[in-house]
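Read the structure below first, then the notes.
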Amino acid sequence: MDSQNKNSVDAMDGIESRGMKERGGRTNSFLVLRVLAFVLTSTAAIVHGVNNQTETVPIQLTSSMPPLYVPVVAKWHYLSAFVFFVVSNAIACSYAAISVMLSFCGKKSMVPIILTLDLLMVALLFSSNGAATAIGVMGYKGNSHVKWNKVCNVFGKFCNQVAASVVLSLIGSIVFVLLVMLTAFRLHNKSK
């Protein structure tokens with residue numbers, strides 16, 4: 001009888017320890033994803049936020065005069081789409097840092113709030129990525145319909161940094177999508 005009770009207690013200990021490992025593994029994966037989202041969005045904001053380039057460009061006033069060489073500066077805050085991009089990534093990075101701290105609290109009542117805020121970050125990042133990408137494509141190709149010339153042939157470094165920051169932010173937004181999917185899956189499994 002004692003051996004039977006001992007075996008059932010050992011089995012319960014095994015189940016409990018396995019459950020703790022699974023919870024810890026899930027918590028660790030959430031923590032890693034949140035830290036990754038923080039690193040990606042903060043790097044995207046910094047790379048884009050320090051982006052500027054000055055080039056000397058010839059301007060032809062009339063065909064009879066020689067060209068006038070003028071220094072022209074490209075900065076991220078000259079375009080509202082780029083301002084939106086930097087601010088959105090700064091917000092997402094701040095939220096990722098706060099959510100890492102909130103995940104240590106471990107309150108189950110916070111899970112729906114964090115899920116909602118994760119969804120908000122996904123929407124914010126994807127919209128800012130779209131805005132920055134649209135302006136980036138204009139810079140690379142121009143728009144012949146409205147006579148906008150391409151500028152990336154002049155400001156190559158600036159355009160390359162824009163492209164790099166958009167890629168980083170896009171990966172960061174995919175990490176937030178993974179967080180939303182994992183959290184929703186976890187909530188669904190707990191409701192069964």
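Positions of Cβ are set from backbone N, Cα and C atoms, glycine also.
Swiss-Prot lists 1-29 (among others) with the feature topological domain 'Cytoplasmic'.
The region 'Disordered' annotation in Swiss-Prot covers 1-22.
Positions annotated as transmembrane segment by Swiss-Prot, on the basis of sequence analysis: 30-50 (among others). Taking Cβ pairs closer than 8 Å, the transmembrane segment (30-50) reaches residues 76, 82, 85-86, 89-90, 92-93, 96-97, 99-100, 103, 121, 125, 132, 161-162, 164-166, 168-169, 171-172, 175-176, 178-179, 182-183 in its own chain, all 6 or more past its ends.
Same-chain residues lying 6 or more positions outside the topological domain 'Extracellular' (51-81) and placing a CB less than 8 Å from one of its CB atoms are 128, 131-132, 134-135, 151, 154-155, 157-158, 161-162, 165. Annotation source Swiss-Prot lists topological domain 'Extracellular' at 51-81 (among others), citing sequence analysis.
Annotated N-linked glycosylation site per Swiss-Prot: Asn52, in sequence order. Its own atom aside, the Cβ of Asn52 (N-linked glycosylation site) has 15 Cβ atoms within 10 angstroms in the protein chains shown.
With a threshold of 8 Å between CB atoms, the same-chain residues lying at least 6 positions outside the transmembrane segment (82-102) that come near it are 31, 34-35, 37-38, 41-42, 44-45, 48-49, 76, 110, 114, 117-118, 121, 124-125, 127-129, 131-132, 135, 162, 165-166, 169, 172-173, 176. The transmembrane segment feature in Swiss-Prot is assigned to 82-102 (among others).
Counting residues 6+ beyond its ends, the topological domain 'Cytoplasmic' (103-118) has Cβ neighbours under 8 Å at 27, 30-31, 34, 95, 176, 179-180, 183-184, 186-187 in the same chain. As annotated by Swiss-Prot, topological domain 'Cytoplasmic' applies to 103-118 (among others).
What Swiss-Prot records for 119-139 (among others) is transmembrane segment.
Mean predicted confidence for the topological domain 'Extracellular' (140-161): the pLDDT average there is 90. The feature topological domain 'Extracellular' is assigned by Swiss-Prot to 140-161 (among others).
Sequence annotations record features per position, and here Swiss-Prot assigns transmembrane segment to 162-182 (among others). Sequence-remote contacts of a segment are chain residues at least 6 beyond its ends whose Cβ falls under 8 Å from one of its Cβ atoms, and for the transmembrane segment (162-182) they are 26, 29-30, 33-34, 36-37, 40-41, 43-45, 47-48, 51, 76, 82, 85, 88-89, 92, 115, 118-119, 121-122, 125-126, 128-129, 132-133, 135-136, 139.
The topological domain 'Cytoplasmic' annotation in Swiss-Prot covers 183-192 (among others).
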Outside the topological domain 'Cytoplasmic' (183-192), six or more residues from its ends: residues with CB under 8 Å to it: 26, 30, 111-112, 114-115, 118
